């Protein structure tokens with residue numbers, strides 16, 4: 001009888017885990033199409049990527065505060081100090097803001113599918129920057145993996161029929177910003193020994209990102225948006241979906257591992273590329289596109305399998321053993 005109860009409990013846990021992974025893939029894929037629709041569609045006509053990103057970060061800041069401080073349904077990890085906040089969290093927040101801003105801007109110029117193909121180059125950017133700051137070690141195996149990914153992205157770009165170099169520049173800028181953010185997060189974990197789950201990170205980071213976006217928004221988009229007729233319901237739902245996506249990452253990582261998120265991310269990328277070809281008339285996939293992207297994804301999958309063996313994942317932050325006895329200077 002006890003064995004049956006244990007089996008039922010195990011199966012129930014397995015179902016919840018698979019459901020959380022499916023939720024993450026659905027929300028992650030859906031949010032990409034939602035953002036593209038809001039920014040580019042004739043129905044909404046909201047071509048303000050900076051304003052949209054600012055709205056997301058402001059919405060996230062308010063919800064994080066309500067969930068952790070007012071309703072107290074979630075707990076923020078302790079150990080944050082003013083010195084760490086200024087030297088680490090603010091730069092991470094700035095890079096996160098830049099990543100979202102440039103990535104959303106790219107949707108105005110290139111297709112969703114091509115954007116996802118370009119994002120496959122991310123491990124290369126992270127590895128190069130990691131070598132520069134001493135977090136990664138150059139090896140023949142890693143060079144081979146990076147070469148495979150780079151070759152695949154180049155081939156998929158060559159196969160793009162309607163390439164827009166302005167969009168490519170924006171997307172590559174977003175990739176570099178995201179790589180810098182991941183490097184800064186790894187430094188925060190390995191060298192400063194700070195333990196932050198994704199929700200805690202969003203709690204500390206969202207206000208910084210919002211402020212970093214607010215300043216350029218005043219000069220670049222505010223005057224254009226003054227005369228725009230806001231679709232409050234659509235933009236609120238878009239912001240809520242973005243926040244739900246961040247919570248789904250927290251849910252998946254808490255039930256599985258950072259490697260699972262990476263594998264789910266690969267599945268999501270393929271899903272986005274294929275679905276975008278069905279949804280958007282502007283997306284025309286070629287055999288060269290798909291071949292190059294397949295090669296890049298093989299490289300990314302190999303990298304994802306290799307990376308956790310060389311150190312703790314930077315997606316799931318954990319306390320460094322080196323600094324586990326170090327006491328914080330004081331609460332923020």
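Each Cβ is built from the backbone N, Cα and C atoms, and glycine gets one as well.
For 19-39 (among others), the entry in Swiss-Prot reads transmembrane segment.
Feature annotation from Swiss-Prot assigns transmembrane segment to 46-66 (among others); the stated evidence is sequence analysis.
According to Swiss-Prot, the transmembrane segment annotation covers 82-102 (among others), on the basis of sequence analysis.
For the transmembrane segment (120-140), the residues of the chain that approach it from at least six positions outside its boundaries are 146, 149-150, 152-153, 156, 172, 175-176, 178-180, 182-183, 186-187, 190, 269, 293, 296-297, 299-300, 303, 310-311, judged by C-beta separation under 8 angstroms. For 120-140 (among others), the entry in Swiss-Prot reads transmembrane segment.
Feature annotation from Swiss-Prot assigns transmembrane segment to 143-163 (among others).
Residues annotated as transmembrane segment in Swiss-Prot, with sequence analysis given as evidence: 165-185 (among others).
If you look up Swiss-Prot, you'll see 199-219 (among others) marked as transmembrane segment. Tertiary neighbourhood of the transmembrane segment (199-219): same-chain residues 50-51, 53-54, 57-58, 60-61, 64-65, 67-68, 74, 76-77, 80, 85, 89-90, 92-94, 96-98, 100-101, 246-247, 250, 317, selected by CB-CB distance under 8 Å and a gap of 6+ residues from either end.
Residues or ranges marked as transmembrane segment in Swiss-Prot: 233-253 (among others).
Per Swiss-Prot, the feature transmembrane segment maps to 259-281 (among others). Tertiary proximity for the transmembrane segment (259-281) is limited to same-chain residues at least six positions away from its ends with a CB under 8 Å from its CB atoms, namely 21, 24-25, 28-29, 32-33, 36, 111-113, 116-117, 119-120, 249, 252-253, 293, 297, 300-301, 304-305, 307-308, 313, 315-316.
The annotation transmembrane segment is assigned in Swiss-Prot to 285-304 (among others) on the grounds of sequence analysis.
The region 'Disordered' feature in Swiss-Prot is assigned to 312-332.
Per Swiss-Prot, the feature compositional bias 'Polar residues' maps to 312-322.
Positions annotated as compositional bias 'Basic and acidic residues' by Swiss-Prot: 323-332.
Among residues of the same chain six or more beyond the transmembrane segment (233-253), those with a C-beta under 8 A of the stretch's C-beta atoms are 20-21, 23-24, 27-28, 30-31, 34-35, 38, 44, 46, 52, 55-56, 59-60, 63, 197-199, 202, 260-261, 264, 315-316. Beyond the ends of the transmembrane segment (46-66), by six or more residues, the same chain brings 35, 38-40, 97, 100-101, 104-105, 107-108, 199, 202-203, 206-207, 209-210, 213-214, 216-217, 220-221, 224-225, 228, 231, 235-236, 238-240, 242-243, 246 to within a C-beta distance below 8 angstroms of the stretch. Long-range contacts of the transmembrane segment (285-304) within the same chain: residues 113-114, 117, 120-123, 127, 145-146, 148-149, 151-161, 259, 262-263, 266, 269-270, 273, 277, each at least 6 residues beyond the stretch ends and with a Cβ under 8 Å from a Cβ of the stretch.
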